[in-house]
């Protein structure tokens, strides 16, 4: 187990350099980069963490500031451009033995100057340098007096991030694309977005925007409307009939098969096609329904289908072939794909509804529908849904909310949602719940269905329920619902739609092929084992291994999206698939599947808290967050009305909202 030798991280000093009884401390920083190579030290926006006393802290500080100045400083303000240059030069002079002790005081003065920078990249970069000078002053003096020379024992790896980037599953360079919008360069903004997001019109509309929960502007007044700014860049290209500028590399002779044309499959194909690899996507749905769960799971009033199709057409134009109406395991086997292609990426999505577990659900009653995902798919494809006039949906996630809202648009006279916890504890996005409320959906909270009621013709007539009281928190942190004795009651209805979750259908994977499946019905992939200083395995926010390589135990077969980790958001599927595409490329070119140092650093930074909700952000002006125009009133949910509800920004509104961004970049560097 590694020991923290010194740390100033989080403004708390831990100093074990003199030996003796060590302070027991741990961080979410792994002790190795890849399970083998030790991380000896780490410098960043919140200080220094030292695992190895042999690390040359002055030399590391000098290299850190050199990289900040030459690689990351934007040069758009004088304090940043000049201040970082002088500071880097002073530190270099110290390491080269050309400085005096007075130069250590100059470092303090330069740090004060950098507090006037237009963004926080240069400001935050002074923190580890000042900590180094303060707590390792004797080491700096040893360089100044000529006693010490650079040992060059360690190699340094750097990476930049921002609180919003760190929280984005696709790691889009959010400050950069917002900066471009601020300068009315919408086309350049979209280029930046597409570096990590090939479905911008989709994620500009349906993304749950976790980035906004970590926006430092929120510490001043309210977060920047990051999602709608992304939509603004995409809408600008569409409304101006501009051609996307992507230019794939010359086509290579190795081919990739992709199972599923959902967000993960499309994203993987996009990034491989950019590198020149021919990709063939096999999609079970018919032509016209590319996009997977976006096409048959997300309502058109949230995501217009013509804009989804535009994103898909752009990907197809890069040489990606999508074969529709083809089910793997039925029309073509996975073994055949393995033989015909050099690599296979499994991204079938999660289209199988979970059972409710109530009495009568397996009897085939009229009006008891198979599941929420199935109901939505039939509705969007224009098929009979089997829905009546009084609809009950069971669940509390976004799919359940989509079902109650779509039921109204399909002609339901009453649409009711039953959820076993409180409104506050619903996993659905708050704005989607509010939208359902506005459209006239009826909610029954803290209610658990126990039995489906039917008449003599086996037609559903209602659901027997019991009231629930919220007890102690469970493993998810939410209070556990417990039945209230004697509280049984009936909700009258003619249709019941269970929408309590969905799973991938992996029945197309033969048992004898060598691909392992978890007890959660997801594909097992390899990962890099990372532990912190306390020996604890580091995992992501969903409890999965932090640094996943996305290759299965079957050589040349990879998995991503819902199939690899369970139901994910669109943006999480895309981030996952982008990583898979890079790993697949290395597999095709080198015969090895691994994560690069840059990718490992990306995972490490994601695991460390870049955003501090308690930070006091000094900012003089307070400007209200811009909200996009929206169609209001119950008439927007009238029968057959799938017109888009949220209308986006006009260009000037987007520019004004972009000006609220504080450009909160951070630079981190590890000694290996």
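Glycine is treated like the rest: Cβ placed from N, Cα and C.
The feature [4Fe-4S] cluster binding site is assigned by Swiss-Prot to 203, 207, 211, 215, with sequence analysis given as support. If you look up Swiss-Prot, you'll see 254-283, 552-562 marked as FAD binding site, on the strength of sequence analysis. Feature annotation from Swiss-Prot assigns NADP(+) binding site to 388-421; the stated evidence is sequence analysis.
Shown on the structure are the features that Swiss-Prot records.
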{"residue": "203", "record": "[4Fe-4S] cluster binding site", "contacts (Cβ under 8 Å, 6+ apart)": "170, 197, 227, 230, 570, 571, 574"}
{"residue": "207", "record": "[4Fe-4S] cluster binding site", "contacts (Cβ under 8 Å, 6+ apart)": "227, 230, 569, 570, 571"}
{"residue": "215", "record": "[4Fe-4S] cluster binding site", "contacts (Cβ under 8 Å, 6+ apart)": "163, 164, 223, 224, 226"}
{"residue": "254", "record": "FAD binding site", "contacts (Cβ under 8 Å, 6+ apart)": "277, 342, 343, 588"}
{"residue": "266", "record": "FAD binding site", "contacts (Cβ under 8 Å, 6+ apart)": "198, 199, 281, 290, 291, 292, 311, 312, 315, 577"}
{"residue": "272", "record": "FAD binding site", "contacts (Cβ under 8 Å, 6+ apart)": "256, 279, 581, 584, 585"}
{"residue": "278", "record": "FAD binding site", "contacts (Cβ under 8 Å, 6+ apart)": "251, 252, 255, 256, 319, 321"}
{"residue": "408", "record": "NADP(+) binding site", "contacts (Cβ under 8 Å, 6+ apart)": "415, 439, 440, 441, 637, 638, 639"}
{"residue": "413", "record": "NADP(+) binding site", "contacts (Cβ under 8 Å, 6+ apart)": "389, 390"}
{"residue": "552", "record": "FAD binding site", "contacts (Cβ under 8 Å, 6+ apart)": "346, 514, 515, 516, 523, 524, 525, 526, 558, 559"}
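You'll find the Cα of residue 398 (NADP(+) binding site) roughly 18 Å from the Cα of residue 211 ([4Fe-4S] cluster binding site). Closest to residue 260 (FAD binding site) by Cα-Cα distance, out of the binding-site residues 388, 393, 403, 418, is 403. In the shown protein chains, 22 other C-beta atoms lie within 10 A of the C-beta of residue 398 (NADP(+) binding site). Mapped onto three states, the DSSP output places residue 207 ([4Fe-4S] cluster binding site) in coil. Residue 211 ([4Fe-4S] cluster binding site) is 30 Å away from residue 418 (NADP(+) binding site) when you measure Cα to Cα. If you take the Cα of residue 393 (NADP(+) binding site) and the Cα of residue 211 ([4Fe-4S] cluster binding site), they are about 30 angstrom apart, rounded to a whole number.
In this structure, the binding-site residues under consideration are 211, 418, and the one with the smallest number of other Cβ atoms within 10 Å of its Cβ is 418. Under the three-state DSSP scheme, residue 552 (FAD binding site) falls in the coil class. Separating the Cα atoms of residue 211 ([4Fe-4S] cluster binding site) and residue 403 (NADP(+) binding site) is a whole-number distance of 26 Å. A C-beta separation below 8 Å, combined with a sequence spacing of at least six in one chain, links residue 403 (NADP(+) binding site) to 372, 375, 376, 393, 395, 497, 499. It is 393 that, of the binding-site residues 260, 388, 393, 558, has its Cβ surrounded by the most other Cβ atoms within 10 Å. DSSP assigns residue 266 (FAD binding site) to a helical segment in the three-state reduction.
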